[in-house]
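Visitor: Got a structure here, written out as structure tokens. Questions coming.
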Amino acid sequence: MEPVDPRLEPWKHPGSQPKTACTNCYCKKCCFHCQVCFTKKALGISYGRKKRRQRRRAHQDSQNHQASLSKQPSSQTRGDPTGPKEPKKEVEREAETDPLD
């Protein structure tokens with residue numbers, strides 16, 4: 001075995017680096033490729049800065065869509081007490097006219 005330079009960090013010793021380069025693949029083989037791959041891929045630990053997600057800007061199409069929605073006639077208000085009473089009466093009449101077996 002060759003003597004190792006004591007000034008080198010243990011992870012920079014010859015033979016400590018894998019022969020193949022690290023990839024972006026997340027398969028089991030690539031997750032256990034080296035210690036760096038294991039911490040980043042398998043454990044999900046990343047010490048880098050988190051990227052900010054950009055907000056999606058509203059396009060003109062979506063503004064037109066909003067305008068068309070406001071032009072549509074609105075349905076009955078929820079608090080209107082006069083609306084649903086008539087159909088109930090019809091159902092009651094049908095139940096009275098149809099005798100059970």
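Keep in mind that glycine also has a Cβ here, set from the backbone N, Cα and C atoms.
Annotations per Swiss-Prot:
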COMPBIAS  48-58  compositional bias 'Basic residues'
COMPBIAS  61-79  compositional bias 'Polar residues'
COMPBIAS  83-101  compositional bias 'Basic and acidic residues'
CROSSLNK  Lys71  ubiquitin cross-link
MOD_RES   Arg52  asymmetric dimethylarginine
MOD_RES   Arg53  asymmetric dimethylarginine
REGION    22-37  region 'Cysteine-rich'
REGION    38-48  region 'Core'
REGION    47-101  region 'Disordered'
REGION    49-86  region 'Interaction with the host capping enzyme RNGTT'
SITE      Trp11  site 'Essential for Tat translocation through the endosomal membrane'
Visitor: If you run through the region 'Core' (38-48) with DSSP, how many residues end up as helix, strand and coil?
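Guide: Summed over the region 'Core' (38-48), the classes give 5 helix, 0 strand, 6 coil.
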Visitor: Can you check how the pLDDT averages out over the region 'Core' (38-48)?
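Guide: Within the region 'Core' (38-48), the model's average pLDDT equals 83.
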Visitor: Suppose we draw a 10 Å sphere around the Cβ of Arg53 (asymmetric dimethylarginine). How many other Cβ atoms does it contain, all chains included?
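Guide: For Arg53 (asymmetric dimethylarginine), the 10 Å Cβ neighbour count is 6.
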Visitor: Counting every protein chain present, what is the number of Cβ atoms, excluding its own, within 10 Å of the Cβ of Arg52 (asymmetric dimethylarginine)?
Guide: 6
